[in-house]
Structures are given as C-alpha cells and as structure tokens.
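This report refers to the structure that appears directly beneath it.
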Amino acid sequence: MEPSPAAGGLETTRLVSPRDRGGAGGSLRLKSLFTEPSEPLPEESKPVEMPFHHCHRDPLPPPGLTPERLHARRQLYAACAVCFVFMAGEVVGGYLAHSLAIMTDAAHLLADVGSMMGSLFSLWLSTRPATRTMTFGWHRSETLGALASVVSLWMVTGILLYLAFVRLLHSDYHIEGGAMLLTASIAVCANLLMAFVLHQAGPPHSHGSRGAEYAPLEEGPEEPLPLGNTSVRAAFVHVLGDLLQSFGVLAASILIYFKPQYKAADPISTFLFSICALGSTAPTLRDVLRILMEGTPRNVGFEPVRDTLLSVPGVRATHELHLWALTLTYHVASAHLAIDSTADPEAVLAEASSRLYSRFGFSSCTLQVEQYQPEMAQCLRCQEPPQA
C-alpha cells in the first residue's frame, strides 16, 4: 500500500504488490494522515489510559493516595499526636491521684494511639496495586484495621471493668480529688479536640462511589449514600467512647473532690462508662462484619438493582445477582442477564452497565449476557435468594 496524491493535499492509499516494493512477506503498512511518518512501534508497548473508556466507569486513578485517603491520613496523624501527648499526661495525673478512672481513660487513649497507628498502616497498605494473587488490591486492609481497633478497645475495656469490680469489693484505696479533677478536665478538652480533628468532613468535590462523604446519584434512592473512611470512622468512635468516659470521670472527680467519702464513684464511673464505650463500637462493628461477610452494601437494595436490570429493553430475566462491598466506598456488582433472541447483546450490556453505574454508584460491574431459555424459570440455581 503506497501513498498517492489526492485533493486537498491529503494522501490516499492503494495496494501494492510485494514485487513492486521488494518488501518481505507482503505485509501492508498504513501511514497516518495526521502524524508525521515515524519508526514502527515495538512489538510490546506499555498499556496507556485510553481517551475513551470502553468498559470502565472512571478514569484511571493516579498512583498513591487518593485525596480522600490523604485527608484521612492527615486526620489520623493529627489525632494520634494529640492523643499521645494527653495520654502521657493522664498516666502521670492518674498515678498522682491514685485514680483508676483516670488510668482507665489513659488506657483507652493508649488503645486509641495503637489503633490509629494501625489505621495509618492499613491506609498505606490499601494504596498498593492489585496483583495476580490479590486481584482486588488491598482495599480491605482498611476494614481489617477498623476491626483490630474495635477488638483492642474491647480487650482494654474488659481488663478495666475487672479492675473496677475488684475496687468495689475492696475499699482499701485513696483518691486525690484535686489531681483527679484537674486531669479529668484536661482529658475532656483533649477528647473534644480529637473528635473535632476526626470529624468525617472530606475534601471538596468528592463525587462518585469513592467519595469521602456522599455518592450523588442520578436516579434511584432519594437519600445519598452515607460513606466514609472506615479507619477514620473507627478512630472517631473510639474518641466518642473516650469522651463519654471522660465526662463521667469529670463528674466523679467533682463529687470526690467535694465529698471524699464517696470515693466509690471512681470505680463506679469506670464500670458504667466502659459499658457505654463498648456500645459505641456497635455501628463500626456492624459495618465491618457486613463487609467481611460479603453483605449487600448499605443503602443498595437487592430488589432495586434487580428491577433496574429487568427494566433494560431486551432483558427477560436475571440470575446470579451478587452485590457486595470491598469498603464502605467501593461497591461491586455481578449478574447474568437472560435476553431475547432478537435483542442486541452489546446494546443490552452497555445500557445495563450505564444504569447500574449512574443509579447506584457501583465502582465495578461485571455482567454476563446469555440467551433466555424457558427452563430458567424452573432452574433451582436461577432463582432469587430468599429474604434474610
């Protein structure tokens, strides 16, 4: 094929015999009309981001931490520094005051420091790319970090509950009311500061299913999807639990300061507010278990997704519909679509994928298109799962 003159200065091509060119193998070459002739490309070239997304919803994210995760990391760094400083102060104050409640609060802060350090590590780990072994990447390291945070709080609280029970049985202890009151006041201020730092306020323009706060929907549920970083949420729940206990310790310290004979308020406040701290972990624990058990993402119902797929022209039935979440912000769907023999599979696939992405904010969708068979209505494996 060789260029020949054409109107307007453009080039056209025509077939040429190998004898005319003396080329080997009779291969055909096509020179671009828009670029200067260049050397042939190597046989193996690196893959690049395409200007159009033939099967992907979003452009390829840049390497490293996303803006949402960078924001989460900054939150955790700041909260961890504040937590460590005030933890050291509470250890000293609790020792001087001989207060188990203060030491309890310091132990909770120690658990917070450890959990936030673990969360920072899990955030870094979650940025590692997918491999042939870890095909989904390391997204769930955030969820595992949140689970470790909850478990650590439960363990520390259990130990302190035991110590509070022992103090109630044996009253051979003395409380320094003044030191306890001062330390408890500082602890309340510290926990308020950490709660402010960890408040789930993401960076601007966090759109899409990977946003830090809400995923806007083009259609579908009226309420936005509440999202967030699980590591920051777990740390925030820790701080809320500590804040509740700090208020209880402050109330007990005021009572002991003015009425030293009521020193039993120290272990009693430890007992009561430790239980409150355990209860505060319930929302995070529920989300973690839902993710690890491959449950349907929050605010994404099975029936709405199924009805959306069935509303696509040409789709007769759907089965093998699975919805799950890698994290609170990364939702995945897969399904088989049984279509009419007259339907265009490519058109059905494009329309179904578009509706799932736009209405429910899925990060990844895998759909298999197949011809509808009447036997599917009686097939056991093609039936919908029962209600939970």
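Every residue, even glycine, has its Cβ placed from backbone N, Cα and C.
Listed in Swiss-Prot for this protein:
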{"type": "TOPO_DOM", "residues": "1-75", "note": "topological domain 'Cytoplasmic'"}
{"type": "REGION", "residues": "1-46", "note": "region 'Disordered'"}
{"type": "TRANSMEM", "residues": "76-96", "note": "transmembrane segment"}
{"type": "TOPO_DOM", "residues": "97-105", "note": "topological domain 'Lumenal'"}
{"type": "TRANSMEM", "residues": "106-126", "note": "transmembrane segment"}
{"type": "BINDING", "residues": "HIS108, ASP112, HIS238, ASP242", "note": "Zn(2+) binding site"}
{"type": "TOPO_DOM", "residues": "127-145", "note": "topological domain 'Cytoplasmic'"}
{"type": "TRANSMEM", "residues": "146-166", "note": "transmembrane segment"}
{"type": "TOPO_DOM", "residues": "167-177", "note": "topological domain 'Lumenal'"}
{"type": "TRANSMEM", "residues": "178-198", "note": "transmembrane segment"}
{"type": "TOPO_DOM", "residues": "199-235", "note": "topological domain 'Cytoplasmic'"}
{"type": "TRANSMEM", "residues": "236-256", "note": "transmembrane segment"}
{"type": "TOPO_DOM", "residues": "257-264", "note": "topological domain 'Lumenal'"}
{"type": "TRANSMEM", "residues": "265-285", "note": "transmembrane segment"}
{"type": "TOPO_DOM", "residues": "286-388", "note": "topological domain 'Cytoplasmic'"}
HIS238 (Zn(2+) binding site), number of other Cβ atoms within 10 Å: 32
Spatial neighbours, same chain, of ASP112 (Zn(2+) binding site) - Cβ under 8 Å, 6+ residues apart: ALA79, CYS83, MET87, MET194, ALA235, HIS238, VAL239, ASP242
Residues in the topological domain 'Lumenal' (257-264) grouped by DSSP into helix, strand and remaining coil: 5 helix, 0 strand, 3 coil
Output field, Zn(2+) shell: CB within 8 Å of site CB centroid, site HIS108, ASP112, HIS238, ASP242 dropped: CYS83, LEU109, ALA111, SER115, LEU153, ASN191, VAL239, GLY241, ALA277
ASP242 (Zn(2+) binding site): secondary structure state under DSSP, collapsed to three categories: helix
Cβ neighbours within the same chain of HIS108 (Zn(2+) binding site) - under 8 Å, at least six residues apart: LEU153, VAL156, THR157, HIS238, GLY241, ASP242, GLN245, ALA277
